[in-house]
Amino acid sequence: MLRPLSFSFILFFFLLSAFIVEGLVEHYKVKKPSTHENVIENRYTVELSHPTEVTYFTDALSNAFAPQHIKIHRQFTHSVFNGVSFKLISSSSGRRFQHHQILQSLFDDESVLAVYPSRRVSSPSLAQSAVEHVAAGVNSSVSKLLSPHGLTQVDRVHKDLKYTGKDIIIGVIDSGVDYMHPALGGGFGKGFKVRYGEDLVGDKFDPSDDDPIIKPGPTPLENCDANTRASGHGTHVSGIIAGKTDNFTGVAPDATLAVWRVFGCTGGTEDDVIIDALLKAEKAGCDIINLSLGDNSGWSESPTAVVASRIAKRGIHMVIAAGNDGLNGAFTVGSPSTGDNTLSVASFDNENVLIPHFKASHVKDNIAFAIPSSTKVKTYPSGELVPGDDNYGFLGAGCPAPASVKGKYALVEEGSCHLQEKVHNLAKAGALGMVVYKNSSKIMYSPRIDNATIPVMGISVKYGEALIDQLDDDKIVELKFLGQLPLPLLTANTVSVFSSVGASYELDFRPHISGVGGSIYSTLPRKLGYWGTLSGTSMATPYVAGSIALYLNSLGKNYTMEPNTVLEHFQNYAYKAPLARGPKGLDSPLRQGAGLIQVYDTITQKVHVSPGSISFNDTASSNYKTHTLTIMNHGDKLVSYQVSNNATLAILPYDVAEDGYTYLEPLNYTTAIAKLRLSKKTIKVAPGKSVQVKVTVIPPDVDPKKHIMYGGYVQFKSRSHQSSHDISVPYFGLVGKQKDLPVFDHHTPFITSDNSTVVYDKHDTLTIQRSNNDTELAPLLNFRLLTGTRLVKVELLERINGKVIGDIVPPLTYLPRNTLTTRRLIHSLILDGYYYPKGNNTNAKTPDGKDDDADDDGVHIPLGTYKIRVQALHLFGDPQKSGDFQTWESGNIKIVE
């Protein structure tokens, strides 16, 4: 029976950013991307077996295609990765399918190791979209309040140990750097702070264009105008690492920077550009490479993750942002930070943040205010404050606006009509600006208003009521604006709310460790105001990169310590934070990793515990229940420790009773505590010796259907504080079997009509007209993933015997779960009457015996009646076992001419 969708669902469905899978070449060497929303049609990066094959393969492409049909983008000849990226340019559907046949033949060559469909990579997201500019910088006293160095012991390293990152080269792959900034050296090349790098794309590069403009340059200068979408991301990152002026000091101020610009002024980039930058950074001799970018895939098989992992194996520290999707719940750590051997960085909040303030007469305190993120208002003149209506405190203030607000600031409460309407009415009445508070907002209220033409300031209910009291007493209240002043953060030294949550889908321990990334004051390009505050794991990542530079600095020029060992040592001495808001207890290692880096202790302490973290996996197997920790004393004194279990709050990823296995967004907490069986409760380690402790987990006794993610730290409490500090090793595990989790959400997959207003169920027959070439009128196959999956197959079946005759789309691999955010809510595939015949039979026939017309999206499905089967592989499932898939089958699908 055909079911009409509810109006609310129709409206929401049309808002979705559904991915439409383009016609990828069907070949076993093609690595299908983890998400298809950013796949670039007819673009590929081919990995080849040897540098000499690059020229041969490029020539083969040129010989196989006419010049107007092929464009070579980049060639890679490097011991880490050899290959070619290119684009096919097809003038017709038949031509595209012919091109795919040629590519299949070329990909058969034994020199071709892998083929990656090219993807766009979004510009780095920021947890706060409003960039607070402080063009003149701040004085030394304010600078000290804004610096996070006291939280991480970097201040002690600078003052007492005198390490500043000298002779350490840190690569930054980002939006470039304004190296003419006074804090960043004032120049480029030998003798300057920014010594290496180049611009790989140019200002106008935007991968969303059909033919992006690429104009490489010899230097990585970030010089975008303020009217572009540029945020100054790369310059901000560079300042965190190595900026230096009288009133500002980065983490490693004497480190050398090597910057490759991969983002233009207005858009994202492409993965082959990032690969190019990674290879150039390795070749330039970088000790550390900072990647404050990525996606939400949660898998480690993307080409950038593969290349980053290979570079890390060569002894280069790959420091990568975990992501800013923490409000979307568990399993949101992004790629490439999920790659093997890489270092995944979470974020802590800073102690203070620069916030604009005003002084109101008759009110003792300076009043902090928030501004809308999209505001274009730059000036806040002083003026008188009056009620936004004739009965102040009334929710209808500003709906409409009284004449008394002309030339004055109006005080209003959020409510009644929309804020957008209030500010419009006040502006029309000639108000100087709007001061707004929300009755339920004990902290500073952040108003959401687009394109306000007058100043809008959000304040807390405390100060809103204080201002009402003064106006109620018929006092004249004057507002004087004080600019930006430091304000203590209530969440200081705890995990940032935006920081992505582990683990990886393979249950690897992620994130590894935290830096300070919430409300970080650093450099901005001169055109964007010189200085400003940004937030994100993008900021925490360079903080950790700079800290590693200080540690390497302490080892001397000829250091030999491997990146994983360095990471372990930082994990050993990290600070473990409590949960900022919610139940009392330590926050989960799946949010903070080992905790916030403590650089002085990491450098000065000589006892090392390996491994630096433990994953007990889920309870499907006993293979991961016991781990062995090795405690090594590289110092010259005997050390002794008490060994214990320091449990943290556990993560409750679902509310199974209410919402089934839809992830809680944001996640919730519970107090499920695991027990640890320790082979030794006390240990002594002599200088130059090591001791082993076996750790066996006894998971919490909780309902396995809830899939609770428990955690804690194996605590080594020092019994000799003069010679050693406390050490911790974070652990986590999961009660339940991940393989049991459903992959598809309730009521999905489902097929909808061309206008998405009708759902076809299993008892309905869907008719598809082959002669209709308008894909906008084609029905859609929709599915929503509750759980990430390595493989989704969408197959075409014969109706009677269920035989598989082909694929609707090539197999989809390494997909992340969907979230409740609009652009990631659901996946949709167009059903336009084409398919990929089984075994790539490009000579498929229609029933009348004539050769079928070919298209780039496959070939026409022969006339007849069929069914579609969608299969998704369960986590940790075996793709060779049909029972390891969750399967859905459609009703009849009739193909007519």
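Using N, Cα and C of the backbone, Cβ positions are placed for all residues, glycine too.
What TrEMBL records for Asp174, His233, Ser538 is active site, charge relay system. For 165-574, the entry in TrEMBL reads domain 'Peptidase S8/S53'. What TrEMBL records for 382-467 is domain 'PA'. Among the features that TrEMBL reports, domain 'C5a peptidase/Subtilisin-like protease SBT2-like Fn3-like' is placed at 614-731. According to TrEMBL, the feature signal peptide maps to 1-23.
For His233 (active site, charge relay system), other Cβ atoms within 10 Å of its Cβ number 27. A 10 Å cutoff on Cβ-Cβ distances gives Asp174 (active site, charge relay system) a total of 29 other Cβ atoms nearby, all chains included.
Rounded to a whole number, the C-alpha distance linking Asp174 (active site, charge relay system) with Ser538 (active site, charge relay system) is 10 angstrom. Ser538 (active site, charge relay system) and His233 (active site, charge relay system) are 8 Å apart (CA-CA, integer value). Using DSSP to sort the residues of the domain 'PA' (382-467) gives these counts of helix, strand and coil: 20 helix, 21 strand, 45 coil.
Broken down by DSSP into helix, strand and coil, the domain 'C5a peptidase/Subtilisin-like protease SBT2-like Fn3-like' (614-731) contains 7 helix, 67 strand, 44 coil.
Close to Ser538 (active site, charge relay system) in the fold, though at least 6 residues off in sequence, lie Pro124, Ser125, Leu126, His233, Val237, Ser292, Leu293, Ala321, Asn324, Gly517, each with a CB less than 8 Å from its CB.
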